[in-house]
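*Asks:* Below are the structure tokens for one structure; questions will follow.
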């Protein structure tokens, strides 16, 4: 007894020592981190004190000593960065000495990304280790064991080495996966090898069901009508009516869950995988034997492996079935036309079929083999009903069977034959533990609520009613598949529409998926760039798809036709945009002025909300505690008003009360997310106001144009001239001072004129001396006045004469002086016999510079001529 009691004490002491060691390591790590942060801050301060490029750095760098020191420092820093990154398993791409700052920045950012990625990988590995979701340990073959046993220190050192070199280990695993993928290459499509036909046309889907097993008799004399008020079924077309016709619709609607499935029963433990027999079904005889076996059991688990990339409609590659005692794997390729005989056990309402995530499996069985399911239990639906944190099959198996599933072949190409042992084991594990998991889920549902189990069966039956529909080509389907990063013009839209149609036609003809023929990003790149030749097409498609290379001429023809389309920038209509958003499930809520005013996130007028803190608290102290509705004017926010933790007494009252559905809170939170803020309301109001003002302005302009009151702003030479009114000085307030002739104070004033005399009187004359010529005359009149002043100048134009003989006081303008007759007999005719004066001697005040130049040239010519004649003047 003393020895047994000492063992727990030793274990407790050892655990305390481990905790103390972990605490010390944590404190040491924190000190190191703080030291690194302090050193980093000092490094930043020191680096800020260095000369800056573009300021003093060039001046300092002109000295050889500084230049040499900087190069050596750069080499030392590069070596340190390389050493640090290598020590943590992320070698850095160190730049050469003298590289630009941009190059250094790029290398440092790349190193930071690698370090962050490695840290995330290690963190994920630690989280999986806590949840026991680690990679399965391979089975070791028993051999001669070494005599020397490794100590705990050596084991911990080996683990640290593995942690430090995790990148190398992952690279090795990737290399092994590439080798396995090379061995699993499918040289020929199963559709050709096994002569599997598929209908890829636009025709509606027709069921492959040949014999309807377990059919119920239809009651005669009962007619069901499901029409609208007008008596017509306008909402169902002939095509949808054919496709939506489920062969077992009556059997599923009248299905009642057997009483044994609604009661508690013993959970039958599964047998070990290696102790369970496995049968491969690849012939018709084996398939018939399997059908008899399934008809004799009460329940079995089913799972499918599917391939979508190299088939237009898809291809079921493997069917896994597990009973309580045996596992079966069906290879459907050799017996494709005979798998339909499984419809007998699958449609039997007395046999339970257990699936996990059966929404797609049910449709694939209908499409390929004509097999329909009745009496289904979906473990995924049950996990959702029990509100598990995860809903995957791996989590379900880990929770109940304590087995970690290896999901490395989840996305493998299941068309490859022969199947590898690892792939066979992966397929077995998907159904081997499913029946035991069903037992555990059933008991938990019954323990939670008896209605929950019935609800799971009801929701599973809704999945069975689903009918497979063939994909119908939509000319505008690319709007839902492709996320655009730019606005399409008419040419790009033409190219994208026709490439999308061409891809669908080729995929249907060759039985390939549209994405295999031409991926979305390549189709978008071709439509955006519109290459002119084959080389441009190949540049947009990298790596080059097989059918693009084979049918380059068709693609080039579409692009050439797109280039001939008239170039216009068009956008999506509101209907097309809404249809695309609805197809993606991102339908935006329309918000008008009234709803934006009524719905607001921060309207707390009906609640006891603390506006100073600015928060709404939801009590999460107890997951099962119901939230009580408050009768504060029936406000939507009333359920969110409890900001303090309730007391124990309050919690007891709530627990004893009627439990409300927690979905109400989620629904209200979703409603709150749709509400708009006051600033968003203000923005919407401003946009509406701007639109209204713009419409009013356009309407006013339209009315003015119709009425002809809009003043003319553009003129041409055909328009009549406009008399410019003189500008008056605002300081001249007395109109009498502007009169040309002042009034005589001695003259008696005239009596007031009559209205007739006032209307016939002449307009008042103003004194023009109070205005400048620029204010009274136009530009042309000013030019004429300057020309006249230049012609009628009073300065003498003859050198030597003091003034003109004419007296300016006696000179009158042509307008004022009367025209007199000239008597030529009295004129002095000797005036015409005088010699002509020199034109250069005339005085022209506007051309004096030309006169001086000519005079200078003339004097220089006279000097040269005198020098040639030898006349030299000497000074006495």
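Using the three backbone atoms N, Cα and C, a Cβ is placed for every residue, glycine included.
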*Asks:* Please identify which of 430, 439, 449 is recorded by Swiss-Prot as part of the Mg(2+) 2 site containing 303, 305.
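*Replies:* For Mg(2+) 2, Swiss-Prot names 303, 305; of 430, 439, 449, the listed one is 430.
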*Asks:* Identify all same-chain residues not among 303, 305, 430 whose C-beta atom falls within 8 angstroms of the centroid of the Mg(2+) 2 site's C-beta atoms; report them in sequence order.
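*Replies:* Neighbours within 8 Å of the Cβ centroid, excluding 303, 305, 430: 304, 318, 320, 427, 431.
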*Asks:* Output, ordered by sequence, the same-chain residues six or more apart from residue 305 (Mg(2+) 2 binding site) with a CB under 8 Å from its CB, or 'none'.
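*Replies:* Within the chain, residue 305 (Mg(2+) 2 binding site) has Cβ neighbours under 8 Å at 316, 317, 318, 319, 320, 414, 427.
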*Asks:* Measuring Cα to Cα, tell me the gap between residue 303 (Mg(2+) 2 binding site) and residue 361 (Mg(2+) 1 binding site) in whole angstrom.
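*Replies:* Here the two Cα atoms are 7 Å apart.
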*Asks:* What is the interatomic distance between the Cα atoms of residue 361 (Mg(2+) 1 binding site) and residue 430 (Mg(2+) 2 binding site), given in whole Å?
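*Replies:* Cα to Cα, residue 361 (Mg(2+) 1 binding site) and residue 430 (Mg(2+) 2 binding site) are separated by 13 Å.
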*Asks:* Summarise the domain 'HRDC' (489-569) as counts of helix, strand and coil residues per DSSP.
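*Replies:* The composition, in the requested order, is 59 helix, 2 strand, 20 coil.
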*Asks:* Let me know how many other Cβ atoms fall within 10 Å of the Cβ of residue 361 (Mg(2+) 1 binding site).
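*Replies:* If we count other Cβ atoms within 10 Å of residue 361 (Mg(2+) 1 binding site), we arrive at 22.
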